[in-house]
Amino acid sequence: MAKLNFGGVEENVVTREEFPLEKAREVLKDETIAIIGYGVQGPGQSLNLRDNGFNVIVGQRQNSKTWDKAVADGWVPGETLFPIEEAAEKATIIQYLLSDAAQIAVWPKLKPHLTSGKALYFSHGFGITYHERTGIVPPADVDVILVAPKGSGTSLRRLFLEGRGLNSSYAIYQDATGRAKERVVALGIGVGSGYLFETTFQKEVYSDLTGERGTLMGAIQGIFEAQYTVLRENGHSPSEAFNETVEELTQSLMPLVAENGMDWMYANCSTTAQRGALDWKNKFRDAVKPVFKDLYSSVAAGEEAQRSIDTNSQPDYREKLDAELKELHDSEMWQAGRTVRGLRPESEGVEID
Ligand SMILES: NC(=O)C1=CN([C@@H]2O[C@H](COP(=O)(O)OP(=O)(O)OC[C@H]3O[C@@H](n4cnc5c(N)ncnc54)[C@H](O)[C@@H]3O)[C@@H](O)[C@H]2O)C=CC1
Ligand SMILES: CC(=O)[C@](C)(O)C(=O)O
Ligand SMILES: [Mg+2]
Ligand SMILES: [Mg+2]
């Protein structure tokens, strides 16, 4: 394990150099890995494992759209694709990749198949950390491990196919066999991770829930909406408001941040922009910090988890989420965005219905 310096703080990181794919295959050569669930992470992780030469099967509800998707992806019913309980029975490692709410519903059926020496794998610390709310309490004689790719399952697969990788964090909650560490690292490499960062189940879920509600998804849309609306209220056209709020950020400035950091992006903008951004960043920081503090408290108190459990356990949760996403899709800002995207120089032309 390499010790790397992150801004003055040393952390443990597993690299592919010290734990190459061949070693991962050796560690898992006698294991049957069952991927339970074929939503977003399921396909990414199972297909990467399969392409990397591991012994993988998929467990999914029959008569569902995602069962059909699994068949289309080359999983063969009765050979490599099974109903959930059958796959869990055959497995020595169970990768529990149902949605976090579905994990609660299916747990009573899964638990009997967690016999001594098996491993239970999660891609989120949710079910275990909030066990008082989820009821997910594994038996003491199984390994309980986590690999959480830091991005969408779609990106995990895409980056794998490009010969790259997506970094993940990993954690061990329970080491019953003495093999939890080698199993989790081998699985992390197998699913297509680049580097593996050490964490705990609780730290993973607290940071992940904060991040997705915060700057990664929730806060960013909130800030976009606020700026777009103020520009529109002051007579700016939709295209101008969209360009100055979103398009320039995603097309020109964020790639520079990704490449070399915020200071470098700033340095590549005008001194006028630099002066203003350096002055205003502190006002924004001070304005939103209390909101982030509320958010973290809500995560740590389990309130965010409870809200997610309550809403996503409803039978019509998907329709309700889709309706809210449609509202966002139909908003003037994102409709303007659609036209703007069609005007990117590399685009074929404007998207027209
Ligand atoms: N979506 C992503 O890219 C990421 C997800 N994760 C974590 O990975 C895990 C899996 O998440 P996703 O792939 O997003 O899940 P998902 O929301 O796409 O659902 C996965 C599967 O659950 C099945 N399912 C839903 N309700 C069910 C029920 N009542 N009974 C049986 N099956 C049911 C669906 O058919 C689907 O195949 C979660 O713990 C999530 O937090 C972690 C990182 C990123
Ligand atoms: C993609 C990811 O890691 C998220 C945003 O945390 C999630 O989908 O839960
Ligand atoms: Mg998440
Ligand atoms: Mg995440």
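Note: Cβ is positioned from N, Cα and C throughout, glycine not excepted.
Per TrEMBL, the features are:
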type    : residues               : note
BINDING : Asp208, Glu244, Glu248 : Mg(2+) 2 binding site
BINDING : Asp208, Glu212         : Mg(2+) 1 binding site
BINDING : Ser270                 : substrate binding site
DOMAIN  : 9-199                  : domain 'KARI N-terminal Rossmann'
DOMAIN  : 200-347                : domain 'KARI C-terminal knotted'
Pairwise Cα distance for Ser270 (substrate binding site)/Glu248 (Mg(2+) 2 binding site) [Å, integer]: 14
Secondary structure tally of the domain 'KARI C-terminal knotted' (200-347) (DSSP, helix then strand then coil): 123 helix, 0 strand, 25 coil
Nearest-integer angstrom distance between the alpha carbons (Cα) of Glu248 (Mg(2+) 2 binding site) and Glu212 (Mg(2+) 1 binding site): 22
Entries of Glu244, Glu248, Ser270 (binding-site residues) sitting next to ligand 3, with Cβ under 6 Å as the cut-off: none
Neighbourhood of ligand 2 - binding-site residues from Glu244, Glu248, Ser270 with Cβ under 6 Å: none
Of Asp208, Glu244, Glu248, Ser270, binding-site residues neighbouring ligand 4, Cβ under 6 A: Asp208
Intrachain C-beta neighbours of Glu244 (Mg(2+) 2 binding site), sequence separation six or more, cut-off 8 angstroms: Gln227, Leu231, His236
